[in-house]
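Participant: Take a look at this one; I'll ask things after.
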Amino acid sequence: MMSGEHTLKAVRGSFIDVTRTIDNPEEIASALRFIEDGLLLIKQGKVEWFGEWENGKHQIPDTIRVRDYRGKLIVPGFVDTHIHYPQSEMVGAYGEQLLEWLNKHTFPTERRYEDLEYAREMSAFFIKQLLRNGTTTALVFGTVHPQSVDALFEAASHINMRMIAGKVMMDRNAPDYLLDTAESSYHQSKELIERWHKNGRLLYAITPRFAPTSSPEQMAMAQRLKEEYPDTWVHTHLCENKDEIAWVKSLYPDHDGYLDVYHQYGLTGKNCVFAHCVHLEEKEWDRLSETKSSIAFCPTSNLYLGSGLFNLKKAWQKKVKVGMGTDIGAGTTFNMLQTLNEAYKVLQLQGYRLSAYEAFYLATLGGAKSLGLDDLIGNFLPGKEADFVVMEPTATPLQQLRYDNSVSLVDKLFVMMTLGDDRSIYRTYVDGRLVYERN
């Protein structure tokens, strides 16, 4: 495993970050920090010093070459709080809503990950896609096959990437070729936790796909894992689609709704992340808030599968932590800028105006907070892990034109969010090292 070199590194350019986590969007502007000519000093993969170039340049030894990115914009690495790596090859599958889509497209694709060599090949592709889109941390679904998770963690470990992932637990209501059992899912997950959790920057998430595909016996095994390894994460889906919710209620009639299934099995709380949450009942909003659970907002996926519109305003009101998720492969892009672009539209339809600052927060420090990692990543505070992206605000002729006609910082950020894509990502750094550069 590689880690950041011991020698000092110096990066110069324009920087933007949010210096503290917040409880309502009105606070973001006061927490935002923009340094037009800044200096980032990195040592052993961590932020050693950050501030104005003039205040820090005397700290740079003569032997150190400064990486000069003036004219670009340097931001903390993007955080993707919900994505399926074994669905990369089926992005853009036509014409279905959630339950039909799973059976027709997802399950046959995930079957291929039984082959370790195939899983390794796709893990390498997946991580390259994350990096070329500026994503440096992700919460990731594997498949039911433990080797799918081994392959992903192996690939992430080569660049010492901050990643949380887990093996899908699924013992019913899916094709026989993809089912495990309550017992086997427990033992396989336990082995993966022992092998990978807190190995370098890797972390493990207990990952029941969603309540309909886990029997009560398997949910009890997920609970047992969480009790035995309380510092692991939990990653699953919740209230994405109305038919799904009705199905859960029919399968678990003794529970008080969908979220209550997870709650009664001890799968709510800090570091428990629920993707989608488009159709929550009031009591479910309250429970997510009370338990300090988190939501992954996945706009491109919710639009693509016709699932519905996520209510971000309500999440702020209820003080529920939210991060952004691309949700590849129901989501249609690895790119966080495009994901924020779609989030803006989802919220416009509800009369809520997502500012560029708020969007930027959700994709960086807010996402880190939703994953319980805000003490490690998300901004440029000294001691934080040095994951960051050098962005090109004028990557296309249209972006150049629009940038030239933008006056304020918030306007320039908003233009990047609406017109930007993978061409906007000039360089990506993980653990203080360059891991992607645009040709």
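Placed from the backbone N, Cα and C atoms, the Cβ positions cover glycine too.
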Participant: Among His187, His197, His237, which residue shares the Zn(2+) site with His82, His84, Asp327 according to Swiss-Prot?
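Facilitator: Checking His187, His197, His237 against Swiss-Prot: the Zn(2+) site match is His237.
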Participant: Counting other Cβ atoms within 10 Å of each residue's Cβ, which of the binding-site residues His82, His84, Arg209 comes out lowest?
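Facilitator: Fewest other Cβ atoms within 10 Å, among the binding-site residues His82, His84, Arg209, is found for Arg209.
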Participant: Taking just the CA atoms, what is the gap between Arg209 (substrate binding site) and His84 (Zn(2+) binding site) in Å?
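Facilitator: A Cα-Cα distance of 11 Å.
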Participant: Going along the chain, which residues six or more apart from Asp327 (Zn(2+) binding site) have their CB under 8 A from its CB?
Facilitator: His82, Ile83, His84, Ala275, Ala296, Cys298, Thr300, Ser301
Participant: On the three-state reduction of DSSP, what should I expect for Asp327 (Zn(2+) binding site)?
Facilitator: coil
Participant: Using the recorded Zn(2+) site (His82, His84, His237, Asp327) as reference, state which further residues of the same chain have their Cβ within 8 Å of the centre of those residues' Cβ atoms, listed in sequence order.
Facilitator: Ile83, Phe141, Ala275, His276, Ala296, Cys298, Ser301, Gly325, Ala330, Gly331
